[in-house]
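For ASP46, the entry in TrEMBL reads active site, 4-aspartylphosphate intermediate. According to TrEMBL, the feature Mg(2+) binding site maps to ASP46, THR48, ASP452, ASP456. Summarising the annotation, TrEMBL assigns ATP binding site to ASP46, LYS47, THR48, GLU169, PHE211, LYS235, ARG264, THR344, GLY345, ASP346, ARG426, LYS432, ASN455, ASP456. Feature annotation from TrEMBL assigns compositional bias 'Polar residues' to 85-108. If you look up TrEMBL, you'll see 479-724 marked as domain 'P-type ATPase C-terminal'. Annotation comment: TrEMBL describes 85-114 as region 'Disordered'. The transmembrane segment feature in TrEMBL is assigned to 541-561, 591-611, 617-638, 645-669, 689-715.
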Amino acid sequence: SLRVNLDMGKAAYGWMIMKDDNIPGTVVRTSTIPEELGRLVYLLTDKTGTLTQNEMIFKRLHLGTVSYGTDTMDEIQSHIINSYSQVHSQNSGNSTSSTPSRKPQSSAPKVRKSVSSRIHEAVKAIALCHNVTPVYESRAGVSAETEYAEVDQDFSDENRTYQASSPDEGALVQWTERVGLTLVNRDLTSMQLKTPGGHILTYYILQIFPFTSESKRMGIIVRDESSGEITFYMKGADVAMSTIVQYNDWLEEECGNMAREGLRTLVVAKKSLTEEQYQDFESRYNQAKLSIHDRNLKVAAVVESLEREMELLCLTGVEDQLQADVRPTLEMLRNAGIKIWMLTGDKLETATCIAKSSHLVSRNQDIHIFRPVATRGEAHLELNAFRRKHDCALVISGDSLEVCLKYYEHEFVELACQCPAVVCCRCSPTQKAHIVKLLQHHTGKRTCAIGDGGNDVSMIQAADCGIGIEGKEGKQASLAADFSITQFKHIGRLLMVHGRNSYKRSAALGQFVMHRGLIISTMQAVFSSVFYFASVPLYQGFLMVGYATIYTMFPVFSLVLDQDVKPEMALLYPELYKDLTKGRSLSFKTFLIWVLISIYQGGILMYGALLLFESEFVHVVAISFTALILTELLMVALTIRTWHWLMVVAEFLSLGCYVASLAFLNEYFGDFHVTGSHDLFSLFVSADVAFITTVTFLWKVSAITVVSCLPLYILKYLKRKFSPPSYSKLTS
């Protein structure tokens, strides 16, 4: 009975979660653990796509001496329009002349270039150095047979979209379109840009070096169709590019500044190649690609021979905006006593900035940035330094974490668990799962992992409760998780309302089902002991079946609709959630209290029936069973904290079923008489309706029921009066 009731309850909770209009799109993929949502202590979250939207917006262009933000993009636009109008006016006068922006660079590279020409070069580099392809929706009625016809039709089209391997690249190309240089066409060998004046510039792609997580950069060699110039463009992370570009005094500082603003940075550089240099490179590159041994190393070495003394063009900053309501959600979770750990693959500065901007780390809180450690001694010193700090957030990189866990696992986890927030940056997927298992092993508390990409699947599956977000990175995490949501903010309602209710309801339902079984067992024990321990069953056949089903099933199961506070109240006071982690709703203490209640009530019902019905002992079964059913219905009413109309229906339906069955069984088994005291079922069915409707029967049954239930009602009233639970202070 317990197993069946709890499983049906879990199914009901899952249905309620999926039908909640406040968290649309939520899917419950595991129907066995909704209660786990109600007692979480650690929440481990990914950053990109989970706390942030994974939608990049271009925010900053830095040229070394001048920086452009969102409010000064129109200046860049006017520079681009001017430089290209000069180019085309010169080209129309002299078709062989080169662009003015190239002249200073090609004829005298030492001459300081004007801001306009530097902007021109930077924007052109961003527009060319990528792996993005423009895509056009085919419109009905427009036939694009030739490539030219297709191009003409597409340029005037409004339905151009970009297909990019990463959101960063897409954001950069969309930005160049906004400032006037538009990528309109791309195939394997060439790409075409449209200038603000509507002219088409064609560039032939000679080589392309895709981005890899090891190299952290991508490069492209293009030839300008009009001038025949060959240029090698490259963009990548500052750690990879700082050694490749010519000496400068601003790159490192500006990268740090942008990272502190929460921007993702990319360094863009170029190198002009002569025809001879390119031919030499191409032959060596092809040779390396044909080698049988160490091909990858040889190819990388040839490419690296080009990556020297490159001209630094600009530094770009794109912003990955936070998801809606991330800040209030994280604050709510923190107030609910949940400790939040952010595990991300991003660099330390960006992760720290997002942790601050999302209020994962509160503004006035100290942050301890764990220095990079490589040896046991360094780890020991750093842990000692960290131990001296109190109530500060911890920021640590994956490499340092690996060293600490190798030598000082227990000490590190013990210290980290005391932190209000922990940020682990440059984390691999296996490290994320390892951290989850460490927390489970060392604390024994419930953990929850939330992520949106394939790299979070191992962490989601390792946690006690996994939540996946359907985002830009597909449904991998969502399908692997126990619960799937569409936005991070939904986690607040999922835990505070549904998790809390599921846990409290299951605790009440489980203990009540135990009480229901134990009370009838106590009555049987009392009955047998009175009759010299004869093995005579008190209730037989249909009564035993009916007791746990039609007579008490509906009211007891209606406890899954019970709630102590309204959902709005649970969200407003997340501190209520903190009480659940102590496990007071379901413990040995509460179980033993219910056992005592069962023994008391079972004893009262049986002894009361024997005392009051000495003269009509043949009716003891009908009398005790009627009192038992009434007691159960009253006990359900005592346990309920907030009435729902279905609960009232269930109470009266069960009572109606019981009253009807008295008459029904009497008629049905009217001719069914078995002699002998061993079959007391016949005594029950032969209890005629006339006796049941007498005042004597009614007052005696009422008396027994009152004695069994009234003391508990009084005790409950006194407890609420002198030691009210936290929720009752809010509901009053």
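Quick reminder: no glycine exception, Cβ is built from N, Cα and C everywhere.
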Remark   = Cβ contacts within 10 Å for THR48 (Mg(2+) binding site), all chains included, total 24
Request  = Check the Cα distances from ASP46 (active site, 4-aspartylphosphate intermediate) to each of the binding-site residues PHE211, ARG264, GLY345, ARG426, ASP452, ASP456 and keep only the ones within 10 Å.
outcome  = GLY345, ASP452, ASP456
Key: Between GLY345 (ATP binding site) and THR48 (Mg(2+) binding site), the C-alpha gap once rounded to whole angstrom   = 9
Residue among binding-site residues PHE211, ARG264, ARG426 with Cα closest to the Cα of ASP456 (Mg(2+) binding site) = ARG426
Remark   = One should report the C-alpha separation between ASP452 (Mg(2+) binding site) and ARG426 (ATP binding site), rounded to whole angstrom, as 17
Note = ARG426 (ATP binding site) to THR48 (Mg(2+) binding site), Cα to Cα, whole Å, comes out at 12
Query = Near ASP456 (Mg(2+) binding site), how many other Cβ atoms are within 10 Å of its Cβ?
reply = 30
Key: Cβ-Cβ neighbours of ASP452 (Mg(2+) binding site) (radius 10 Å)   = 31
Ask   = How long is the line from the C-alpha of ASN455 (ATP binding site) to the C-alpha of THR48 (Mg(2+) binding site), rounded to the nearest angstrom?
value = 11
Request  = Return the residues near ARG264 (ATP binding site), defined as same-chain residues 6+ apart in sequence whose C-beta is under 8 angstroms from its C-beta, sorted by sequence, else 'none'.
outcome  = MET56, ASP168, GLY317, VAL318, GLU319, ASP320, ASP346, THR350
Ask   = Tell me, how many other CB atoms lie within 10 A of the CB of GLY345 (ATP binding site), whichever protein chain they belong to?
value = 20
